[in-house]
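Engineer: Pasting the relevant annotations from Swiss-Prot:
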type: BINDING; residues: 56-61, Arg139, Ser147, Tyr202, 236-241, 264-268; note: 3'-phosphoadenylyl sulfate binding site
type: BINDING; residues: Lys115, Thr116, His117; note: substrate binding site
type: ACT_SITE; residues: His117; note: active site, proton acceptor
Amino acid sequence: MPLEKLKDLHLDEQNMQPETREVNGILMSKMMSENWDKIWNFQAKPDDLLIATYAKAGTTWTQEIVDMIQNDGDVQKCQRANTYDRHPFIEWTLPPPLNSGLDLANKMPSPRTLKTHLPVQMLPPSFWKENSKIIYVARNAKDCLVSYYYFSRMNKMLPDPGTLGEYIETFKAGKVLWGSWYDHVKGWWDVKDKHRILYLFYEDMKEDPKREIKKIVKFLEKDISEEVLNKIIHHTSFDVMKQNPMANYTTLPSSIMDHSISPFMRKGMPGDWKNYFTVAQSEDFDEDYRKKMAGSTITFRTEI
């Protein structure tokens, strides 16, 4: 059953808030943890493309860019279904009769484009064995945190984040779904030169979408005209995507995602964290950040 049919199920909102469990030290929903053996044993294919990110790091944006490239800028083809059905979210597990990510992925003909938020050590090993291409997108911690906080408030399938102050501490401790942001971005960074991985930064994509989309085109071994490239830049701009029901999750009932609390696509601007962190919170966060990121060669911009 597609996600849009959720409104027909008359789901109890109180029951949508998930129980959580840890799998190998990483927090997941109880349903994901119960399905973990199947997720771990998922069979990737050599022609799969995996879009991997930490939550709220530009995943849907990258999915739309990739879909437009694969379909040579054909907007109609990219409107064929919502993002969830076009690019199965491999670990996301939903109660029957809804389609979980694995169900959708296993039914999908090749070549498949898939999505994950899994940290690198939790990625099903078949992706490495089959040498599937992977695009990883990283976003600076403070903006990621604020976006994840508001997403957790509006998405009834995620744990209640509490206040922003409480959530900052939860985020720093890595006690959110998919675990520590710090370990996630560093883990994928450390393997980027050992596999077919294109590692991108959200801030770079915002600063110069044309340059970054060209990197994706090259990685996918595609050849597109300047006209198609400009069409992709326009169609995947924040303002256009915010109005696209096949990408902005507005087709879901408010019992699942309540856009009156916060839209799925909120602002998307690097540096927006400054509107939410107090000076003290920012200084405390920065001190903790330096300790957790010590020794890593990865660098982030917190504004552009």
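Using N, Cα and C of the backbone, Cβ positions are placed for all residues, glycine too.
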Engineer: From the Cα of Thr59 (3'-phosphoadenylyl sulfate binding site) across to the Cα of Thr116 (substrate binding site), what is the distance in angstrom?
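Structural biologist: Distance (Cα to Cα, whole Å): 9 Å.
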Engineer: Just to confirm: which same-chain residues, 6+ apart in sequence, have a Cβ under 8 Å from the Cβ of Lys115 (substrate binding site)?
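Structural biologist: Expected: Leu50, Ile51, Ala52, Thr59, Gln63, His87, Pro88, Phe89, Ile90, Gly101.
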Engineer: Below 8 Å Cβ to Cβ and six or more residues apart, same chain only. Which residues does that give for Lys56 (3'-phosphoadenylyl sulfate binding site)?
Structural biologist: Arg139, Cys144, Ser147, Tyr148, Phe151
Engineer: Identify all same-chain residues not among Lys115, Thr116, His117 whose C-beta atom falls within 8 angstroms of the centroid of the substrate site's C-beta atoms; report them in sequence order.
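Structural biologist: Sorted by sequence, the hits are Leu50, Ile51, Ala52, Thr53, Thr59, Phe89, Ile90, Glu91, Trp92, Leu114, Leu118.
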Engineer: For Arg139 (3'-phosphoadenylyl sulfate binding site), list the number of other Cβ atoms lying within 10 Å of its Cβ atom.
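Structural biologist: For Arg139 (3'-phosphoadenylyl sulfate binding site), the count of other Cβ atoms within 10 Å is 27.
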Engineer: Just counting, how many other CB atoms are there within 10 A of the CB of Thr236 (3'-phosphoadenylyl sulfate binding site)?
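Structural biologist: The answer is 25.
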Engineer: List the Cα distance (Å, whole number) between Thr236 (3'-phosphoadenylyl sulfate binding site) and His117 (substrate binding site).
Structural biologist: 21
